[in-house]
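Going by TrEMBL, these are the annotated features:
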type     : residues : note
DOMAIN   : 23-288   : domain 'NADH:quinone oxidoreductase/Mrp antiporter transmembrane'
DOMAIN   : 290-343  : domain 'NADH dehydrogenase subunit 2 C-terminal'
TRANSMEM : 96-115   : transmembrane segment
TRANSMEM : 124-146  : transmembrane segment
TRANSMEM : 152-171  : transmembrane segment
TRANSMEM : 178-197  : transmembrane segment
TRANSMEM : 203-222  : transmembrane segment
TRANSMEM : 243-265  : transmembrane segment
TRANSMEM : 277-304  : transmembrane segment
TRANSMEM : 325-345  : transmembrane segment
Amino acid sequence: MNPQAKLIFALSLTLGTTLTISSTHWIMAWTGLEINTLAILPLISKSHHPRAIEAATKYFLVQAAASALVLFSSMTNAWHTGQWDITQLSHPTSCLILTVALAMKLGLVPFHFWFPEVLQGSSLIVGLLLSTLMKFPPITLLYLTSPSLKPSILMTMAILSAALGGWMGLNQTQTRKILAFSSISHLGWMAIIIAYSPKLALLNFYLYTLMTAAVFLSLNSIKALKLSTLMTTWTKTPSLNAILLLTLLSLAGLPPLTGFLPKWLIIQELTKQEVALAATIIALLSLLGLFFYLRLAYCATITLPPHTTNHMKQWYNTKPTNTMVAVLTTMSLMLLPISPIILAVV
């Protein structure tokens, strides 16, 4: 793709995201969401592969429907209350429609079907953008409107997301699909807490973005798109593979790694809010996710491919690892000891 075109799309993504997260008026927020959608479509379809075109089409249709629902919700609220302010969403029908619209934007169950397919049709870098940057504006809108939304609906969608995200990721062999179901599962954790502690949901999103970026960039540098490829990369970058093992365990939420912090705080807050049953269910459902993270980690570092003579060994990579990967993986592993400082800042 032309570098000038890439620059225009990158600037459009930045503009769309900034517009949505900084606006107080529904029309401006909707405009930002539309700019984001239109800017990411050429990046998804740039390979001209039929699967990439299909992914771009699916993404466009889902996001267009969700944007229409956001607009319909805000107009209904303005009709009944005379308010266009994002934080003044008070009409019950508007709140329900907005919950559905943002669930579609984010890929929460039961509106999750598009997300794994779109991620599978994209490159790893575009997949990273779809899993992190493109989810920031909807999460911000969810954060701003959280006092108006029904906790029961959000909790139901959250538990279903954690269950289906873990369950459907179990038998996958493609790394992008595994990370898509991982994203759905993590969104469940954010949705369950956003009605009780919106700041905690944002903290969870920031740490999830950090760890997911580390995994996507690591997989991109070793060019691993499926588990069978991941098995043969230990000869290419042994140190990066070892660090990838720890980053995946951090994404699973194992102590003493960074990923344990949001899960620990969310369970603690849910128990304080006297919804210990939901906390127990979502904690048990995270074990499903742990299984496929362990499977990824096992393929990356612990096992050798069967019939090694049939597999082409990759040459050892003498080039230094990307600095961004080094910084992100370090932060994905070592932020738990400084959690009091993080909580003080948030």
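Using the three backbone atoms N, Cα and C, a Cβ is placed for every residue, glycine included.
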Contact call for the transmembrane segment (152-171) against the transmembrane segment (325-345), three or more Cβ pairs under 8 Å: no
Two-stretch contact, the transmembrane segment (277-304) and the transmembrane segment (325-345), at least three Cβ pairs under 8 Å: no
The transmembrane segment (124-146) versus listed stretches 96-115, 178-197, 203-222, 243-265: most Cβ pairs under 8 Å: 203-222
Within-chain partners of the transmembrane segment (96-115) [C-beta distance under 8 Å, separation at least 6 from its ends]: 33, 58-59, 62-63, 65-67, 69-70, 72-74, 76, 89, 130, 135, 137-139, 141-142, 145, 149-150, 153-154, 157-158, 160-161, 163-165, 180, 183-184, 187-188, 191
